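Undergrad: Structure incoming, see below.
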Amino acid sequence: MALTANESIFSIQVASLKDCRVVQFSGEEDMSGLFNFTVEVVSADKNIDGDELVGKPGLMVIQDPDSPRFIHGEIASFSHMYWGQKLTHYQLVLVPKFWFLQHRIGTRIFQNLSVPEIIKKVLDEANITEEHYQLKLTGNYQSRVYTLQYNESEYDFLCRLMEEEGIHYHFEHSEDKHVMIMGDAKPVFQKIPLEELEYHPRSGLMAETDVSFTFWSQEKTVPGKVVTRDYNFEKPKMTLEVEQAGEKLSELQQFYFPGNYTEQAEGQRYAKIKTEAHEAQRYSVGGVSNSCRLIPGYLFALTSYEREEFNKEYLVKKVSHTGYQTQSLDSASGDQGSSYSNEYFAIVADTPFRPKGEQPLVIPIDGTQTAFVTGPSGEEIYTDEHGRIKVQFHWDREGQQDEKTSCWIRVNQDWAGGEWGAFKLPRIGHEVIIDYIDGDPNRPLVMGSVYNGESMPPYDLPEHKTRSTTKTNSSLGGEGFNEIRFEDKKGQEQVFIHAEKDMDIRVKNDRRDHVEVDRHLIVEKDRFEYIKADSHHQVNVSQFNKVAQKVSETIGQSRQLKVGNNYLEEAGSEVHFKSGQKTVLDAAMELTVKAGGSFIKFDPSGVTLSGPTVSLNSGGSPGKGTNASPDAPTTAVEADKDISGQKFTPTPPPAPAENQGIQFASMAQQIALADAMTNAKALVQNCKLKA
């Protein structure tokens, strides 16, 4: 831009700030960075109140013969510097609206939203409307199941997400606003309102057009390959490793784990973004110019440089501005006139630009937290096919204690095999301990449960401090429980088992019980046993059986009973013996058959018949007994059963990673190569062959 001596070209416009003149300013603008302009002004008014200005919009204008350059922003600070003889010096700082998000710190959950949707939500809630930002994105951004902003500013949170996704931003200024432009590809970049920027070294004369006084280029060493790996618990045998190589130095490899993805294609995209971020830093150019049109996020074409290969189109990355306007002062120092220059940094326009990746992928959580298990209204247990639960954290100010409070969270178990292991599921209302895989707040894990003032332990403490138990609660509604309890109090040791309804035990081979004192069994209703082979029952002392009603026995073959001393049976009504062939009663000393007042007695002395009348072959008929008709037993119901889990098959190990060494060229090789290229010589190296 052409400057005229003593011509004021810098001005400031703030609604409630009158008659202020710009003395000097400095400013920084950066791709994917906040602009910041510090402006020193003077005013005859000694009583300007900064409280009325901070947070208000301001506009600095750099006049140019073609069109003014606007720098629009919000006043972040206003300082009273010092009083002069006639004028008071003040300083104000202009920043974008996005700057204020550094002061909005919070912790909150975003569910099932893509990064662009999260950006829009945060900006809209901060009252940065769509009038002040544009999302000019070409990529396909998948919804993220769970994204956590944890104890960080909204500015850092959004910058972190944008860097991860390769989204850059810059600002466009107009007379009444500034707009934050977010993009992911070259079409979002506009050309500066100049046909070209001429290279013109300083000659002592004032340049009459926009020129670049100096120009330099730099190529630096950057990583040449990015390798990332992650793990998806739903596909545990899949090796989620991807790699992306840059243009050079693939042996300078960066390996990241975790890569924060669950699918191969997603990981490849992130690796490509990281590689492009490195490549954008590999080659850069810069210089000093007088063109206020150089703005980050804009394209310019360099011309007239001595080396033609540098005369091409570039993308401005960063600009540092400096301007002086001493004629605003009513003193002799005002004779110097106005001056403006900047230092700029740029990359070749065809190089994909990605933010540098200075933000961490996540803000790690140090240590554990607790939270309450949540779920739908009316439910007591809420889970999915993986045994995961949802929780509401104590810091969550938006959750409604329902099934939408968090992502599904896996639960730590004592054992976890293929359809075998241990399994306990925390229920709605339980307080659980949350840890984070690799400290990543987006990957919570339930590690256990704790009691609290409302959910107390099953037994009063410290009274029952020797008890250990696993006690459940019937669902829905409670009022029932299953329990396995251990009492370790000396002299009162006990194992207590309580089944609220059924108890099923299945033993595939032998079961042995050994009770050293007494065993008591009470069955309130029926007892069923089904023994498919033999039953052996041995009692060393006495056996006492009492049946209140009847005993029914059916014996398929023989029954043998041997009594060492007396065998006594008494029937209140009838005893009937019946055999299909013969019945033998054998008594060594005496056998008596008695009915009423008559009897027959057999003993060693003979046979005695006694009765009022003894009839031999005198007619009559024998008495009839009731035929035996025992009830059939009810077959016992089998115990519940399950199937074995999956057989473990280990995942085949991957091929070892190749650790490629750095290829350092010797000085002799470099000299030979340079000589060959300069003088068009053949490049020949000595080699030794073994016989």
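Cβ coordinates come from backbone N, Cα and C, glycine included.
Quick paste from TrEMBL:
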- 384-451: domain 'Gp5/Type VI secretion system Vgr protein OB-fold' (DOMAIN)
- 456-480: region 'Disordered' (REGION)
- 468-574: domain 'Gp5/Type VI secretion system Vgr C-terminal trimerisation' (DOMAIN)
- 613-658: region 'Disordered' (REGION)
- 613-629: compositional bias 'Polar residues' (COMPBIAS)
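I'm curious about the neighbourhood of these features; can you describe it?
TA: In the predicted model, the domain 'Gp5/Type VI secretion system Vgr protein OB-fold' (384-451) has a mean pLDDT of 95.
Away from its own ends, the region 'Disordered' (456-480) comes close to residues 380-381, 427, 486-489, 500-501 of its chain (Cβ-Cβ under 8 Å, at least six residues beyond either end).
Helix, strand and coil content of the domain 'Gp5/Type VI secretion system Vgr C-terminal trimerisation' (468-574), in residues and according to DSSP, is 0 helix, 14 strand, 93 coil.
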